[in-house]
Amino acid sequence: MCVFVFALQNASYLEREDPDLPVCVEQTVLVWIPLGFLWLCAPRHLMTLFQKTKVNRKHLSKLYVCKQLVVSLLFLTAIAGLGVTLGEDFGPNRDSSSTVKNAGVFYANPVLYAVTWILVLLCQAGVRRRKETVDSATLFCFWFLLVLCDIFPFQTLLREALREVSDVPRFCLFYISFGLEFIAFILSAVADIPPELKERVKKNPEAGAPFWSRITFHWLNSMTVKGYKKPLVQEDMWELNREDSTPYIHQHFQHFMKSELSKARIRFQHKLKKKGVEGRDKAQDEAIQNGLSNGLGKGVSHDVLIMEEKGKKEDEKKKKKKDKKEEEENYPNSWLISTIYKTFKGLLIESAFFKLIQDLLTFVSPQLLKLMISFTEDKSDYAWRGYLYAVLLLVTALLQTVVLQQYFQRCFVLGMKVRTALMAAVYKKALVVSNDTRKEATVGETVNLMSADAQRFNDVTNFIHLLWSCPLQIIISIVFLWLELGPSVLAGLGVMILMVPVNGFLATKARNIQVMNMKYKDQRLKIMNEILNGIKILKLYAWEPSFQTQVEDIRGEELKVMRKFAYLSSVSTFIFSCAPALVSLVTFGVYVGVSPDNVLTAEKAFTSISLFNILRFPLAMLPMLIAAMVQTAVSRKRIEKFLSGEDLQSDAVRHDPTVKLIHQLICSAVTISDGSFAWEKEAEPLLKNVSLDIKPGRLVAVVGAVGSGKSSLMSALLGEMHNTKGFVNILGSLAFVPQQAWIQNATLKDNILFGSPDEETRFQKVIDSCALTPDLELLPGGVQTEIGEKGINLSGGQKQRVSLARAAYSEADIYLLDDPLSAVDSHVGKHLFEKVIGPNGILKDKTRILVTHGVSFLPYVDEIVVLVDGQISEIGSYDSLRASRGAFSEFLDTYAKEQSNQNQSESEFELIPDREDIQPDHPLEDTVSVTLKRENSIRRSQRKSSVRLRLNSSIKKPRDGEEIKKGQKLIEKEAMETGQVKFSVYLQYLRALGWGYTSVAFLVYFIQNAAFVGQNLWLSDWTNDADDYKNITYPNWKRDQRVGVFGALGVAQGVFVFLGTLILANASISASRVLHSRLLRNMLRVPMVFFDTTPIGRVVNRFAKDIFTIDETIPQTFRSWIMCLLGVLGTLVGICLATPIFAIVLIPLGLIYYFVQRFYIATSRQLRRLDSVSRSPIYSHFGETVSGLSVIRAYGHQERFLKHNEITIDENLKSVYPWIVSNRWLAIRLETIGNMVVFFSALFAVISRDTLESGLVGMSISYALNITQTLNWLVRMNSELENNIVAVERVSEYSEIENEAKWITDSRPPDTWPEEGRLQFEDYKVRYRPGLDLVLHGITCDINSTEKIGIVGRTGAGKSSLTNCLFRIIEAAEGRILIDGIDIAEIGLHDLRNHLTIIPQDPVLFSGTLRMNLDPFERVSDEEIWKVLELSHLKDYVAGLQEGLQHEVAEGGENLSVGQRQLLCLARALLRKSRILILDEATAAVDLETDDLIQKTIRKEFSHCTVLTIAHRLHSIMDSSRVMVLDAGKIVEFDSPRNLLEKQGHFYAMAKDAGITEQHIPIPAETIVEQSSAL
């Protein structure tokens, strides 16, 4: 009834200057709206009153009491209202003559209110009972609606009161209740934090944020303010919400993944059954071939791998022919998406709801714009309508902002959660994955699943709703456009649709180019990695130029591809920027051309333009989204394949105590019963018919030639191999010491404790037994010293001892020791055997299985197992096996002579009294690798630790704490830039771009913007034609002129954007070239000490991430930034032209904008940095886990590592989450400023409507509607630019590091130098870095031509420093070195290094051909190379390879055995033909045969050279002409071995220890020759 009355009264109430709503509506509809809302929402709150709850209800907060009090007072006002009405109708004072009673509404409303207030009291009680709740969104909205609806009666009553108050009691009651409602509204906006939440709110303010703060992200303010005042650090990050934390997400994801994956497995089984037997055979062949081509996995010796390598090429050809599809689908698939959907269903639906509302709201603004324009055209319209439209525009825009930000917030959090779930799942899988699956992906690829693929999912999830939202927006836009312009819309739409395939074509081209680009990037990074890993070798051989050109060539190709890509993207930018102008041109052209009656009005034109602007977004996004989804589909397959791969056989090893009771009475600790083991399901077994029975407490040695399967036997016992028949039974817990020590990036103590409880006495005992005490004295932080990645700051032997200490500390029952003694010096080996492993060691009561090459330990073991070709050939005690004259005694006889020699001499030559028998051993290269892939080609630890140990041992005991600090920090912490980026960095980048380029580009973009503004002004002028030609025919010339100029300006924009983009593309490519070549050039010229103190990863990062940023991210960001900036300026100028008064508002809005973005950028930048800093530990921990899998599994520590991984990911999320929120925080504030721009432009248009043309109004408001996004984008770009320009800073930081001396100087030695090879040291002193002590203290000596000098001395005596000085790896502090009378400090480094030769300790090879590894500059002929290969005993091997000299060497020489690598280094030395040879003798890594070959070749081929040998074993230098004994950086003795022995000094003491006497000394031929010539 009331609505009907309202309709009738409508005219009288609204058609006047001061409109008002009828009282009837105010009393009914406006009352029912808020009350109805509350009644609908109340049941949810009331339910909590009837549920049991653990919340502490005794505590009544003051806030809660106030809220209840206010509502109680409101209840009383409602009762009072009812009382007034009853009093008037039935009270004693009523007018008896009047029969008219009060209207029903005066009864209904107080009753409704009274019931509602009771409801509110109950709801507030319900909210308090809810766990961890601080306020109620529904109650907040209810109070807000109530106050809003009451504003209308408020002003009505006020107007009446200005005339006269007719109904005093109701008047008073209304204003009292309005006041109370307002107070209640304010109170509902305050969070009521229960005591149990207070602690959490301190750590995470979001937990205590009330509803309004949650929708405006106000709770982030404290962090933004803090970030503005000082750079944020990880400690400032807040705790995560429980549902955002990794354990929570992971648990949910795993729950759904289990069921989905098992369904997929069933589907996969059905599919296999369908394919039938034929398919199965095929699959078997395939698996066998895969097995061969990829090497037999993990414990295979290199020699086996090399044989397989030959078959690889043929296999590959067969593989290619195979049906691709079949190979792709060879695993359970299509389960990941459904798992993600089920896990995160709630978030998806919520965000979809917000997106829908936002999409619908988008279309309200153009309709309001239309009303606004028609209002300005009709000057007689009431002014209040204009104000109403302006307010409505503001309200719509604000609503849209809030809804959109809620949608984005949910989408980005969803993306973050998906990434987290996938990362955690991949990590968990990696801990249990079988070798078949593991072999398919390298460590790098698996880390990629975590980094790149999970990130892809993250990115796509952010925008997944656009899949349905884009089509929806397109349809609605077309409908509205049709209503405006009729069928001529189809012309514009046609143009847009035509753009899609063009864009699609460009995108495909771009994708292909990107693939090529990535290929070159990978090549470049691979070679950079090798260069940095082998930098010392490059410097010693002076090979840097060759590698520099290799990198520059690849980089050149990469830049060519990048230029193609840049041109392509310029074309697509051109099309994209022309599109809006073209579309509107075609549409308007067709519209006015179709019929002379169609005249373009401002209303039509600007409404259409704002609709076309809406259309641009979905049309641009759809192809991008589809492209992203295609990429994600690839990631999906990769992740599915990995996660659905097979796990390790869980029953490969049994733990059954009853097994042995059948055969005999005593239980065996380890039993293998007729077992055959392979690395893969389908491959040939590597260990065949192995039966082994080991009693508890025995020490069993496993011996055999290289590649006989010793390490594989260990893996089989650990359950790492595939059990094809028989079984393994193990009783008790295991501890495992792998051949290559696996060291975590943690403190030394944590590495040894490895998760066991810390017991000081046990720890001390283990440390002493493992000979680690002396090392601890040298390490700066003692047991708390942090060990770098892969144990970078420990020597090989130290790592091995830490690995052994970890096992010893674990107190397991059974110890598997895979050759732990090969990496340590022999006297240390002896000590470890006696104190730890042997019959009297701390493990004497445990079962120990020891793989060893050391013949000397064999007499002391209980039992020896001899392996030949993967089978056990004999088992028995030492004596019984010697007697049986089998394989074992042959093995012994081969090595007997050498070994006895070695045994004596290897006792080492440290000048120490007996009690100090354990010196930290010299770092020594690792033995044949065990793990699937040798992770890094060279252990830089060598270099690091030798520097480190030498430094420290020469320092011995520092006087005060300061000095310790100086030498202590081996690896400086990476400088993380904080605060604002310096302006000089921008200038640096602009300089690299070239000033000419930059200024022209800026000018071109400026003209483009001018064209844009011009086009819109022209359009607004065009729309005024509608008034000028109202009742006359529109002339054709006018129409053509309008369309023509409009079109020309549109095309001009496109052309200028195209030009600008092209110019910037060229500029950015030249900048990339300049910055990269500067960086590369400098990195190859920095002194070695830089690489000793900088982790490789940090340098690689400069070449990878930072150069990538400079190549791709910065140019795009820079371009967007210029366009945004000019766009915003253009828009503001446009609005000011239309309504000059707008300029007044600009200043305050500009100030607010400036402050908001300064606060945001400071915080956001730091959050991004924290994100990337906290992301690296996730990947490095993962890489570490994968490389140490067998150790982690052996100890059974998977759970602990899972937990650690969750903590690491959480640390990262702590900065990712606030970053997501900070973007929303910014957007909501900036969009509000944008909304104010819209509001004020509309408001001023209303105010000055009498002087304005409708065309200009349309232009200024449609401009303003566009500015919201542009403003937001500008700050985003600004901040992106600041975040990314840091890359330029980081690259230039490394481009400016001080270089070593010049490679070639003006004073060059003759080509034949050195002819004699005489060396003279004159008072030579050297220190590693300024501020450290001297390492060599005044060395003075003469070495004659062709002398053979042995250099001995204990660790840290300065032996290696001496060679480093010869090559000027370290420069002299005082004194000089002369070679053939030329001071080496005066010639260029390359002239020096090219004329000396070193056979280094660790054989370093680079990926490339064999030929390249021997002669990178291609200076010698093939014949010469074959000749040196023959001399170095490699000719037969190389000749047997398919490609011969062109044989590809894998990264780090992985496809060659260690012995072969060492022989290749010998071949290198033979090729160089120099007169001075330095041997950094490292033959312990090589088996005895190779050692023998190398020694013979050196004696024969280098007889005419001066040879300096750094001895690690005394016997190898007993035939030297003279021996130099170094101690603490000084020469203490220097004479022939015989004389030194007679002297009975330092050397004699060492020789005595080693059991060497005078009769062991051969008289070298050259000595006799020399002596006779001297006579």
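Just so it is clear, glycine is given a Cβ too, placed from its N, Cα and C backbone atoms.
Feature list (source: TrEMBL):
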type: DOMAIN; residues: 351-631; note: domain 'ABC transmembrane type-1'
type: DOMAIN; residues: 670-894; note: domain 'ABC transporter'
type: DOMAIN; residues: 1000-1283; note: domain 'ABC transmembrane type-1'
type: DOMAIN; residues: 1319-1553; note: domain 'ABC transporter'
type: TRANSMEM; residues: 29-47; note: transmembrane segment
type: TRANSMEM; residues: 68-86; note: transmembrane segment
type: TRANSMEM; residues: 106-127; note: transmembrane segment
type: TRANSMEM; residues: 139-158; note: transmembrane segment
type: TRANSMEM; residues: 173-193; note: transmembrane segment
type: TRANSMEM; residues: 352-375; note: transmembrane segment
type: TRANSMEM; residues: 463-483; note: transmembrane segment
type: TRANSMEM; residues: 489-508; note: transmembrane segment
type: TRANSMEM; residues: 565-594; note: transmembrane segment
type: TRANSMEM; residues: 614-634; note: transmembrane segment
type: TRANSMEM; residues: 1043-1065; note: transmembrane segment
type: TRANSMEM; residues: 1123-1156; note: transmembrane segment
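Long-range contacts of the transmembrane segment (173-193) within the same chain: residues 61, 63-64, 66-67, 70-71, 73-74, 77-78, 80-81, 84, 128, 134-136, 139-140, 143-144, 146-147, 150, 153-154, 157, 201, 208-213, each at least 6 residues beyond the stretch ends and with a Cβ under 8 Å from a Cβ of the stretch.
Counting Cβ pairs under 8 Å that are 6 or more residues apart, the transmembrane segment (1043-1065) and the transmembrane segment (68-86) reach fewer than 3 and are not in contact. Across 670-894, 1000-1283, 1319-1553, the stretch most heavily in contact with the domain 'ABC transmembrane type-1' (351-631), judged by Cβ pairs under 8 Å, is 1000-1283.
Same-chain residues lying 6 or more positions outside the transmembrane segment (106-127) and placing a CB less than 8 Å from one of its CB atoms are 27, 31, 35, 38-39, 42, 45-49, 64, 67-68, 71-72, 74-75, 77-79, 81-82, 85, 133, 135-136, 138-139, 142.
Looking just at the domain 'ABC transporter' (1319-1553), the mean pLDDT is 83. Away from its own ends, the transmembrane segment (139-158) comes close to residues 20-21, 23, 26-27, 30-31, 33-34, 37-38, 41, 120, 123-124, 127, 171, 174-175, 178, 181-182, 184-185, 188-189, 210-212 of its chain (Cβ-Cβ under 8 Å, at least six residues beyond either end). Same-chain residues lying 6 or more positions outside the transmembrane segment (1123-1156) and placing a CB less than 8 Å from one of its CB atoms are 1005-1006, 1008-1010, 1012-1013, 1016-1017, 1057, 1226, 1229-1230, 1233, 1236-1237, 1240-1241, 1244-1245, 1247-1248, 1252, 1256-1257, 1259-1260, 1263-1264, 1266-1267, 1270-1271, 1273-1275, 1277.
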